[in-house]
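What TrEMBL annotates here:
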COMPBIAS  A:43-53  compositional bias 'Basic residues'
DOMAIN    A:741-810  domain 'DYW'
REGION    A:29-60  region 'Disordered'
REPEAT    A:95-129  repeat 'PPR'
REPEAT    A:165-199  repeat 'PPR'
REPEAT    A:266-300  repeat 'PPR'
REPEAT    A:399-433  repeat 'PPR'
REPEAT    A:503-537  repeat 'PPR'
REPEAT    A:538-573  repeat 'PPR'
REPEAT    A:640-674  repeat 'PPR'
Amino acid sequence: MATTLLVQSRFFNNSNYTPENAPLKQLNIPMTRNPGVETRSRSSNRTRLRKNPSKPSKTVIEPGTLTLTRALQSLVDSGSMDGAVSLFDKINCLDTYIWNVMIRGFTNNGLFREAVDFYRRMERGGFRADNFTYPFVIKACGGLLWSSGGEMVHAKLFKCGLDWDVYVCNSLIVMYMKVGCVECAERVFDEMPVRDLVSWNSMISGYHIVGDGMSSLMYFKEMQKHGMRHDRFSVISSLGASSSERCLKSGKEIHCQAIKSRLEMDVMVQTSLIDMYSKCGNVEYADRVFCRIFSRNVVAWNAMIGGYVLNAHFFESFTCLKKMQEDDKLSPDAITMINLLPSCAQLGALMEGKSIHGYAIRKGFLSHLVVETALVDMYGRCGELKMAECIFESMTEKNLVSWNAMIAAYTQNGQNKKALKLFQDLWSKSHEPLIPDAITFASVLPAYAEIATLGEGRQIHALISKLGLVSNTFISNSIVYMYAKCGDLHIARKLFDGILCKDVISWNVIIMAYAIHGLAKISIQLFNEMREKGVNPNGSTFVSLLSSCSISGMVDEGWDYFNSMRRDYGIEPGIEHYGCMIDLLGRGGNLDQAKHFIEEMSLLPTAKIWGSLLTASRKNNDIVSAEFAARHILSFEHDNTGCYVLLSNMYAEAGRWEDVERIKGLMEKEGLEKTVSCSVVEKNGKAHQFINQDSSPNKLHMIYTVSDILSRKIGEDIYVHTVTKFRPQNLLRKRSKSPPNHSVRLAISFGLISTNIGDPVLVRNNTRICEDCHNAAKKISEITQRELIVGDPKVFHHFRNGHCSCGDYW
DNA sequence: CAGGAATGTG
């Protein structure tokens, strides 16, 4: 029982599948695909071999008998190279044939280094390598990705006149393709006096290996023109090329050829067909081929399961797993899990994911680099960040994909600081230096957008340019959004204008950029421009657009777009659209309408929806509605700090001190602490951080002085707040917590004295700005005649001449 | 007296 992969039965409606009646153990677990295990066994072989390279033996076996070579061959064929080496050492009359057996043995067992070593020893010993030796030596060079070694051997071939041997040339083609030297392979192929089927197949598979599927398909056609009949290898390779080129048409053609040449019932051909049809998006055809397979093996099942996952048929992928275990009594292997884990991630099926994890542990599939990476990804997407971290840290070997998965797990779960930290570790702490790729940046840029300073944003932008990844539209979109979120809307726009291939996301991002800066008119303008350019809006476009209307208080326009999305574009409103609408209604001050709207919604309200109602209640000073919203939020997220704090502030303003205490008690019980407000200002590219009533460094004295002067200048009496907002008996204690000492104010003061007169002051804040600071900032912008830009987690406030771009609703 | 090249699922 313990060896069977349990998948919880909740996916299978009328299933009686339980752990108890699950198929029993199948013990043949192929481990050969486990790179970790393979490497280790190889290296242990290597060390053992090196310890006793050629131990002189007393028992000298007389040559001349066939039995000796036969024995050596059977050792080599069974993979016991240790035994072969010790037998070899006892032979005192060597010949080329015996050397060839050894070299073949090493190469076929993946011991390429040893194969090359033996080849060298052979030559030094005065034995002539022949046409049988070279194919193995060349294959070993290919296996080591050692192109210069391969070239040296190639040069030798001319001397001994073996450069025309078909077998040798075919090996050369494969070797050159493997090391990526397409031109060399082509030259060998072109200059061959005689080409056989393997020569053609090697070209077809070689082009597929280097990622040139089109050439691969071309050679498949070309070989028929040359009167060369294809075999299963030609079909398998060219089907692989069709898959990687997503070319259903050529795939179908090859399928027809395979039927004509009676290859369609070959399991490997069928598996390749399943893969091709799935990758070309036609999972129905894949299923049809699968049903025709006579005897299905794990590879075929895996291809089918992978096909379902690739085409987002997640439930079917699990049904398939169940059938594989029950009908064919086959055990899932590492690849089955690698296929299924993304399915769990997509379905949010944490139980199934954990079950796969447990199975992997029991079967000894850990550590398997790809399985572990898939687990990190799955746990990250299911919100189990701790588990993702735990697996990532335990991994003995990590590649770039693993790092990318962990970085993405952090950003997806809002752990932006950790994401940035890990991204930096990628340079310093990864085993061999890893160069981040497009996926890395796609994963880390959202974290930069949330918490980076403009200077840090510029740095990452420079790095991306240096690595030549700016032409990637996906990355460009993220950069545009990052600049907008870091406060530089102008650069964001400039970069957006420069994107050559704008996709719908590019437009969504720029509409959102103007939204968060409170410029809904431009958002709408861009939306119209997008439609004129023939780009079809999607659901996210309307999230951007509705957000823009709600942030800028354009209630009527918001309603128009909300109604239009279904009517004119056939897009059903999702939960995010409803959220925007509640913000919009709250902004209009109509709380009852907002509540009614939530009731009427076709979707179940989430914590975020109630959060919008809470914000609206706060803005409209409606404690009853706020309590109503808060109750719902806390039923989803009992640890929602923001919800407690907001409610507590409302009670405090109403003078309901018992309730303030009650909330305080609740928070203590939950072990929650109020988020420390933190504001960041940059000076000469260096970030300066401030927290409420910051008292750390001495230089702050001057900033407090500036803050006090500003406070008095704008006619703000610090005692006024304390009297109206806080309990009289706590007046002295609360004085230090009064708004003039809030982090935003310190940051603004610092910004004003450390930037050039006339330049705007940019502040980033991790919490929403309070009403007093908002009022103060408006006045400060007026008396100093400076633009103050304060970004909070949702919007940017542009304070200019005593007004704020948010229209006093945020 | 013998031995050689190419292949499907992440």
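Cβ atoms are placed via backbone N, Cα and C, with glycine included.
Break the repeat 'PPR' (A:640-674) down by DSSP state and the numbers are 27 helix, 0 strand, 8 coil.
Among residues of the same chain six or more beyond the repeat 'PPR' (A:538-573), those with a C-beta under 8 A of the stretch's C-beta atoms are 504-505, 507-509, 511-512, 514-516, 518-521, 523-524, 527, 530, 580-581, 583-585, 587-588, 794-795, 806-807, 809-810. Remote same-chain residues near the repeat 'PPR' (A:399-433) are listed as 369-370, 372-373, 376-377, 379-381, 383, 385, 388-389, 392, 439-440, 443-444, 446-448, 450-452 (criterion: CB distance under 8 Å, separation of at least six residues from the stretch ends). Averaged over the repeat 'PPR' (A:399-433), the predicted model has a pLDDT of 90. Same-chain residues lying 6 or more positions outside the repeat 'PPR' (A:266-300) and placing a CB less than 8 Å from one of its CB atoms are 30, 232, 235-236, 239-240, 242-244, 246-248, 251, 254-255, 258, 306-308, 310-311, 313, 324, 328, 330-333, 335-336.
Under DSSP, the residues of the repeat 'PPR' (A:399-433) split into helix, strand and coil as follows: 26 helix, 0 strand, 9 coil. Sorting each residue of the domain 'DYW' (A:741-810) by its DSSP state yields 27 helix, 16 strand, 27 coil.
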